[in-house]
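Enquirer: Sharing the features that Swiss-Prot gives for it:
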type     : residues  : note
DISULFID : C37-C201  : disulfide bond
DISULFID : C120-C205 : disulfide bond
CARBOHYD : N34       : N-linked glycosylation site
CARBOHYD : N210      : N-linked glycosylation site
TOPO_DOM : 1-47      : topological domain 'Extracellular'
TOPO_DOM : 69-83     : topological domain 'Cytoplasmic'
TOPO_DOM : 105-125   : topological domain 'Extracellular'
TOPO_DOM : 144-166   : topological domain 'Cytoplasmic'
TOPO_DOM : 188-217   : topological domain 'Extracellular'
TOPO_DOM : 239-274   : topological domain 'Cytoplasmic'
TOPO_DOM : 296-309   : topological domain 'Extracellular'
TOPO_DOM : 334-358   : topological domain 'Cytoplasmic'
TRANSMEM : 48-68     : transmembrane segment
TRANSMEM : 84-104    : transmembrane segment
TRANSMEM : 126-143   : transmembrane segment
TRANSMEM : 167-187   : transmembrane segment
TRANSMEM : 218-238   : transmembrane segment
TRANSMEM : 275-295   : transmembrane segment
TRANSMEM : 310-333   : transmembrane segment
Amino acid sequence: MATDDESFPWDQDSILSRDLLSALSPQLCYENLNRSCVRSPYSPGPRLILYAVFGFGAVLAVCGNLLVMTSILHFRQLHSPANFLVASLACADLLVGLTVMPFSMVRSVEGCWYFGDSYCKLHTSFDMSFCCSSLLHLCFISVDRYIAVSDPLIYPIRFTASVSGKCITFSWFLSIIYGFSLIYTGASEAGLKDLVSALSCVGGCQIPMNQSCVLINFLLFLVPTLVMMTVYSKIFLIAKQQAQNMEKMSKQTTRASDSYKDRVAKRERKAAKTLGIAVAAFLLSWLPYLIDSIIDAFLGFITPSYVYEILVWIVYYNSAMNPLIYAFFYPWFRNAIKLIVTGKILKQNSSTTNLFSE
């Protein structure tokens, strides 16, 4: 029988060997499951930074867009067909911040999906639907701005609340039908049986897109983009012409009606410029991701995971950009924020407050 002195070195070697094997073996999302996905966790420092960056984006998307919606829906002065479109756009971005970004944050930082297969599909459907809805809203907003700038006096008759409601309904209906049908019918995975099998592990949420779906996504992005670029090019030319006319008229005596028309045109051009910046930010956020999706679909998903995560979060952060753009360019939005934050919005008749400095 071995003595304690003889057995101790053997036990020590066993412990060291076990620790070495543990260090060399890959970490799993679920340690007790054989089909668990492998995770590649960050060290504590980078993890904290990533959580802070991604979490800030989610909070900004929710709070910022909630402020936009509250401002437009509460203050009667902002009740216009164009602003209802903006409020609906803010709703889409807010839902991205609520239902998509927090869960994607955990997946991106931890390298695992801990929210189940059912919510994985729902999460992806939300992602596609709300982002598609944002694009369609921006497209309709660009058309609205074109009508407003090209003929500001006739605009209220042409773009009514009814027209705005139809645009909003179409944007949401088409986006939700497309996003959910693509995921829940399995159309996105058709022809990718081997890849789907390779990605099937517990703790993963990767739904690959085949070439057909990637091309459809790109076309859904491209067509509204071309519409917006064409429309904003025309808006720029009209605004330039109006500015020249106003400069000429400023040297002459004008009637009151002409002066009113000039003020309206100036206000509409400023709104078009602000929303044009929002459109440009959207396109710059989405274009790298879509190009990468096409490259992956046709070259065998060659993009490194960290590059993919960066591109995805650039897209997500776009949902937080619009409130910042409005706050920078719209004095009425800054005034509304002050009233909301200070609690003055709760006072009686606060909805009739004049938010415009002019």
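Note that Cβ sites are derived from N, Cα and C of the backbone, with glycine treated the same way.
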Enquirer: From the Cα of N210 (N-linked glycosylation site) across to the Cα of C201 (disulfide bond), what is the distance in angstrom?
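Expert: N210 (N-linked glycosylation site) has its Cα 20 Å from the Cα of C201 (disulfide bond).
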Enquirer: Are there residues at least six beyond either end of the transmembrane segment (48-68) with Cβ under 8 Å to its Cβ atoms? List them, or say none.
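Expert: For the transmembrane segment (48-68), the list is 42, 86-87, 90-91, 93-94, 96-98, 101-102, 104-105, 108-109, 313, 316-317, 319-320, 322-324, 326, 333, 336-337, 340.
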Enquirer: Which sequence-distant residues neighbour the transmembrane segment (310-333)? Criterion: at least 6 residues beyond either end, Cβ under 8 Å.
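Expert: Distant contacts of the transmembrane segment (310-333): 54, 57, 60-61, 64-65, 67-68, 71, 77-78, 89-90, 92-94, 96-97, 100-101, 104, 108, 131, 134, 270, 273-274, 277-278, 281-282, 285-286, 288-289, 292, 355-357.
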Enquirer: Is the transmembrane segment (126-143) in contact with the transmembrane segment (218-238), using three or more Cβ pairs under 8 angstroms as the rule and ignoring pairs under 6 apart in sequence?
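Expert: Checked: the transmembrane segment (218-238) vs the transmembrane segment (126-143), in contact.
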Enquirer: Please report the distance from the Cα of C205 (disulfide bond) to the Cα of C37 (disulfide bond), rounded to the nearest angstrom.
Expert: 10
Enquirer: Who are the long-range neighbours of the topological domain 'Extracellular' (296-309) in its own chain, taking Cβ under 8 Å and residues 6 or more past its ends?
Expert: 108, 195, 208-211, 214-215
Enquirer: With H, G and I counted as helix, E and B as strand and the rest as coil, say where DSSP puts C120 (disulfide bond).
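Expert: The residue in question, C120 (disulfide bond), is helix (DSSP, three-state).
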Enquirer: Do you know offhand how many angstrom separate N34 (N-linked glycosylation site) and N210 (N-linked glycosylation site) by C-alpha?
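Expert: Between the alpha carbons of N34 (N-linked glycosylation site) and N210 (N-linked glycosylation site) there are 28 Å.
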Enquirer: Within 10 Å of the Cβ of C205 (disulfide bond), how many other Cβ atoms can be counted across all chains shown?
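Expert: Within a 10 Å radius of the Cβ of C205 (disulfide bond) lie 20 other Cβ atoms.
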Enquirer: Take the topological domain 'Cytoplasmic' (334-358) and count its residues per DSSP category (helix H/G/I, strand E/B, coil), listing them in that order.
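Expert: Across the topological domain 'Cytoplasmic' (334-358), the residues distribute as 14 helix, 0 strand, 11 coil.
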